[in-house]
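I have placed the structure first, in the form of structure tokens, so that the comments after it can refer back to it.
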């Protein structure tokens, strides 16, 4: 280690480790539930499992690499670049998985009768593979030349050094801010966010429309319908809020770095923004799994079978097709 870890860095590392310790078990539990319960094998839960795989990797790989970059070891330029790229790949995979889930929820509401014929297991698998392939393309783009090597080489040569530059490995030293803002943010983060807003607004509209039809054709208590509508709306608003809260701050800071290089960015703001992006992986099991009845039942069985040594009866795979708890 080139230098001792400061108290501030130690606190950062401690928080990152805590996030990883929450993220990895939570998302492993989601994957485990899909594996053991046949009722969780349809397209919706496959998308959620794909998201969980990405989030496990965030906790098990991205966070340790982020800690390594924060310490700033002396490495060759391309070695540092290889350390930085998995962060881009896996965070992008999480974003695309969230978008796939949003599209899947829209199709469930828009074409409920034809949903199973349109969203087949084969098509769902193709969509999942497509998300990962796109994530690899986006995340590995810096390896193919869109990076800061030319700037580093100029400074390296000016000092009379030869060979591949050896640098203190830091994310912003190797990753181009033009790439992060113009390509990553403006193409692969902001548009999916806006698209999800539109999708969930349409989902809300369609649900409200259907509930209105039911209310107008029913002599029952309309409060029941409005209550369910409100709960669904709150769930969708929570999804959007957590996504925006987690990803926008760091990208806004990147925009400030690019467009106002002389502007001062408090270090604590950068750390908070990083915590939010990584913390989103720990939030996802709660948002996408713990509000689904089939997952809760499976989680309870896993807990009792493997941790309390009190086997539960077999899971009833004919649970109602309820997606969000009433």
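Glycine is treated like the rest: Cβ placed from N, Cα and C.
Each of residue 41 and residue 262 belongs to a differently named topological domain in Swiss-Prot, hence to opposite sides of the membrane. Of the recorded ranges 11-33, 47-69, 81-102, 124-146, 268-292, the transmembrane segment (177-201) has the largest number of C-beta contacts under 8 angstroms with 81-102. Between the C-alpha atoms of residue 80 (disulfide bond) and residue 159 (N-linked glycosylation site), the distance comes to 20 Å. DSSP labels the residues of the topological domain 'Cytoplasmic' (34-46) in these numbers: 10 helix, 0 strand, 3 coil. Long-range contacts of the topological domain 'Extracellular' (70-80) within the same chain, counting only residues at least 6 positions beyond its ends with a Cβ under 8 Å from a Cβ of the stretch, are 1-3, 5, 9, 12-13, 143, 149, 152, 164-170, 173-174. A gap of 19 Å separates the Cα atoms of residue 169 (disulfide bond) and residue 159 (N-linked glycosylation site). Within the chain, the transmembrane segment (81-102) has long-range Cβ neighbours (under 8 A, six or more residues past its boundaries) at 44, 47-48, 50-51, 54-55, 57-58, 61-62, 65-66, 68-69, 75, 127-128, 131-132, 134-136, 138-140, 142-143, 147, 169, 171, 174-175, 184, 188-189, 192, 195-196, 199-200, 239, 243, 247, 277, 280-281, 284, 288. Between the transmembrane segment (47-69) and the transmembrane segment (268-292), the number of CB pairs under 8 angstroms, six or more residues apart, is three or more, so the stretches are in contact.
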